[in-house]
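Taken from TrEMBL, the feature region 'Disordered' covers 296-324. Per TrEMBL, transmembrane segment is recorded for 29-51, 57-76, 85-103, 123-140, 152-176, 188-207, 219-239, 245-267.
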Amino acid sequence: LICILIYFQKYSHVQLAHQEHPRPYFKSVLWWAGAVLMAFGETGNFAAYGFAPITLIAPLGCVSVTGSAIISVMFLKENLRASDLLGMTLAFVGTYLLVNFAPNRTQPISARTVQYYFVGWQFLIYVISEILLFCTLLYFHKRKAMKHMVILLSLVALLASLTVISVKAVSGMITFSVTDKMQLTYPIFYIMFIIMIASCVFQVKFLNQATKLYNTAMVVPVNHVFFTTSAIIAGIIFYQEFLGAAFLTVFIYIFGCFLSFLGVFLITRNREKEHLSQSYIDFGNIPGKQTLDKIQPDSNGLSYGTLPDGSDSTQSQSGEKKEV
């Protein structure tokens with residue numbers, strides 16, 4: 001659904017750009033159809049955290065990247081490159097390994113379970129280290145005015161770890177309330193809900209700064225790697241999802257993550273540069289604008305350095321020169 005919404009919204013922007021008097025994008029039916037699909041897709045994403053481990057859900061973000069590449073080729077008529085095919089193949093193989101070798105611990109998430117994990121020494125050490133690292137990066141970003149992509153996306157990834165922990169807690173407690181016993185009366189539910197909203201807001205803020213300063217083709221793969229790695233570490237430390245897993249299982253799972261990372265990198269590599277087919281502005285294609293055939297006259301001609309149809313001005317200039 002999220003892949004289709006990207007196609008709908010991009011197609012609506014393309015249609016509006018070709019109109020003589022384009023309307024605002026929020027008045028387009030296609031754009032709103034994409035927004036509705038995004039709501040359904042993100043709701044499914046949110047619900048998935050209540051039924052499956054973080055270490056399984058987070059790496060599956062590569063599916064949206066591969067799906068977007070397929071849809072752009074089929075409907076937006078973009079070129080299909082050899083690197084796209086290789087990247088899709090690696091992403092699908094990595095996804096297969098992730099699904100088969102991710103931890104199968106589907107523990108019910110109750111309020112007491114979240115409270116137990118929240119005050120555990122593993123999470124306390126983890127969150128203190130994360131806060132110190134976040135403050136250090138924020139100091140270099142704000143005080144030293146360092147706008148490097150790695151700093152911005154590291155801030156996003158640190159916030160993302162809190163996001164996935166809180167999302168799974170909120171989704172799990174809602175699921176437990178529906179299937180077993182009401183959990184929404186516990187204070188830990190509202191604490192996790194506030195953490196989820198706050199971390200999402202600031203995560204979007206830093207991600208927008210990164211997309212403004214750098215190309216999307218650079219931001220997407222790096223952000224996917226940082227986000228997925230941070231989410232996996234958070235799931236392992238907070239929910240102890242790899243507890244008791246065999247070494248071979250962990251190794252193949254990490255190898256599947258690596259293949260999906262490599263696939264996303266190949267799909268997004270140099271994609272935006274293909275749209276820059278013209279390195280100049282064709283003034284003749286601007287509607288309603290009349291331009292001359294020659295913007296810069298021939299330097300060997302007599303009219304070099306004079307304005308077009310400026311016979312009066314040239315005559316007045318020559319007259320003034322004679323008088324001087």
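Cβ coordinates come from backbone N, Cα and C, glycine included.
TrEMBL entries are annotated by machine, without manual review.
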Can you see whether the transmembrane segment (219-239) and the transmembrane segment (29-51) are touching - at least 3 CB pairs under 8 angstroms, only pairs 6 or more apart in sequence? no
Answer with yes or no whether the transmembrane segment (245-267) touches the transmembrane segment (29-51) by the criterion of at least three Cβ pairs under 8 A, sequence separation 6 or more. no
Quick check: do the transmembrane segment (123-140) and the transmembrane segment (85-103) share at least 3 Cβ pairs under 8 Å, counting only pairs 6+ apart in sequence? no
Same-chain residues at least 6 beyond the ends of the transmembrane segment (245-267) with CB under 8 Å of its CB atoms are 55, 59, 62, 65-66, 69, 83-84, 86-98, 101-103, 220-221, 224-225, 228, 232
Tertiary contacts of the transmembrane segment (152-176), defined by C-beta under 8 angstroms and 6+ residue spacing from its ends, are 46-51, 54, 57-58, 108-111, 113-114, 130, 133-134, 137-138, 141, 183-184, 186, 188-189, 192-193, 195-196, 199-200, 202-203, 206-207, 209-210, 213, 219, 222-223, 226-227, 229-231, 233-235, 238-239
